[in-house]
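First up is the structure itself, then whatever we jot down about it.
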């Protein structure tokens, strides 16, 4: 019965036990009601007391045999003995007192049954020392409840004998009154007691024999030890004492408990992973920076699930609260340049798509390259000495990068890897000069608007073709002259600086307000830095050598003073109006600018008749003093002829490095000079200003180089 609580209710199982209980309780009640009062008067008052004690003992043992756990073994879990369920043999043999005893595998309970254990087909459980299943108590009789069953049989037999005997005595005393009610009820109780006495007495005798011999009903019926010796017997007295006087066996099943539903209040709930600030320490080339980002529970899960090959998720937007001065500037640049970048810019190569720029200062945070360039460009005006300090550290090349210098933060303390031939894919990239009285600390990367898409695409194409290697990407810090510059008086900020992130319309409106006419000064003496061709491919080296040869062979322009050492400087200049300045960065300028060769105290002689006050700066060159950047119009991407009186210089565009698709984009992108129409860049000088050099009226000469490449040279 204890095992039936969780199973389907079967009324037929309770019929025998209910009948036994009714007969036991009903017959005894009638005996106490009609027979015991007369026996207490005629025989002894002890007769009702004896029968009452015997009845209670019978009822107690009956209840214990019915409701007590017989010794059920718990079933194994589904995956506990999975291998044994398929591969185990049907029997295993153990030795008990020198006798081999078989243990059978139970497929239902999924374990080997211990000795004297059997699976009950009614209860559907394996019971320790299984005796039999008794329907009168509706329970299996096993090791734990066999004692109470045996005592129930003994007490019931004695009780039946007492009821029958005392009822017969009452009838003998009232033999003249057999038709009376008391005598009739007593005779009915005697019939019931006599009817149950024979089977109960027989079953009791059988179990007395089994107990004396140390056997169970199952072993006796199946004949396990019929022809041999019982290894479980300890003699008659020991067997009886073991059944009646031994301590009860342990219970293997826990008592069934109802699951309680408990309402958990918030203090006991584990807090979910909410959006919060997570600080990550980043070690890169000896620079420690704190990266504060907001990560949610979903992003953490995605990061954990991603493999090492997967592309990292895009970094979050920069925290504008830390850069209060640039809020308005960034808002305008983002809103007005988003449409231009979406149309003209190619997709960023995967190689440097998500490269945050780390700052050497503790207050700067790591951000994506576009936003980092915007913020760091503004910070470089206020903190110019951070590059000077970081440039003295050795350059680490543990992680090569193809990102242009103009997209990097000026305070980033790593050496810049740049393509020396990327200038061939730009329209006006060979503009650079140096003024007097410059300072080493103020180094800025000023690029023209529109060079972003071309430099990205040229770098991506060269990387795919395998024509460049990471070691050939030289940096300004590699030059031996970089550290030989002496600090001069601190100059004012550049007057003609226009943010490359401003739209063309805003830049055009602000140009007239920012840049007044400047008085021309003498030029600066320059000496070329050695060009490094270490790890370039053969085609590129041959193209460069042929380009140098063509430049040497071309006749000098009238009115042009050729200084020694300037033949291969890679610097070209075209005239333009003073109110339309433009500066552009070039990889050639970054490697060819001799920072320590110009005397600081004397004025320089002008080159090409170009005022020094209208000079631009390269990537690796220090910031000029009171000069303002100046830029003319390139004639490589313009279809108009130069006006009379205006000189045009030679400019070689390395067109084989670009695909036709790139050229179309370049013509569209570079039709404006820093956000201004081409007409502004090609305007003739004022009437009071003499022409800077005599014009060159030659045509365009096409020269075929090594590898089938074709160059267009303006002669």
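Each residue, glycine too, has its Cβ placed from N, Cα and C.
Feature annotation from Swiss-Prot assigns active site, S-palmitoyl cysteine intermediate to 134. Summarising the annotation, Swiss-Prot assigns compositional bias 'Low complexity' to 359-373, 422-432. What Swiss-Prot lists as compositional bias 'Polar residues' is 442-478, 666-677. Residues or ranges marked as domain 'DHHC' by Swiss-Prot on the basis of sequence analysis: 104-154. Swiss-Prot lists 299, 345, 398, 409, 425, 432, 621, 684, 694 (among others) with the feature phosphoserine, giving a large-scale study or a structure entry as the kind of evidence. Taken from Swiss-Prot, the feature phosphothreonine applies to 411, 659 (among others). As annotated by Swiss-Prot, omega-N-methylarginine applies to 697 (among others), with the evidence given as similarity to another entry. Residues or ranges marked as region 'Disordered' by Swiss-Prot: 289-715. Per Swiss-Prot, the feature topological domain 'Cytoplasmic' maps to 1-13, 60-148, 213-715. Annotation comment: Swiss-Prot describes 35-38, 170-191 as topological domain 'Extracellular'. Annotation source Swiss-Prot lists transmembrane segment at 14-34, 39-59, 149-169, 192-212.
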* Going by DSSP, how much of the topological domain 'Extracellular' (170-191) is helix, how much is strand and how much is coil, in residues? -> 15 helix, 0 strand, 7 coil
* **Spatial neighbours, same chain, of the residue listed as 'active site, S-palmitoyl cysteine intermediate' - Cβ under 8 Å, 6+ residues apart** => 65, 140, 141, 149
* Where does residue 134 (active site, S-palmitoyl cysteine intermediate) sit by DSSP, helix, strand or coil? -> strand
* Structure fact -> Mean per-residue pLDDT in the topological domain 'Cytoplasmic' (60-148) works out to 85
* Asked: Is the topological domain 'Extracellular' (170-191) packed against any residues at least 6 beyond its ends, judged by a Cβ distance under 8 Å, and which are they?
  -> 27, 30-31, 33-35, 38-39, 42, 163-164
* Where DSSP helix means H, G or I and strand means E or B, what are the helix, strand and coil counts for the topological domain 'Cytoplasmic' (60-148)? -> 17 helix, 29 strand, 43 coil
* Close approaches to the topological domain 'Extracellular' (35-38) from elsewhere in its chain (Cβ under 8 angstroms; 6 or more beyond its ends) -> 47-48, 51, 166-167, 170, 173-174, 182, 185-186, 189
* Asked: In the topological domain 'Extracellular' (35-38), how many residues does DSSP put in helix, strand and coil?
  -> 4 helix, 0 strand, 0 coil
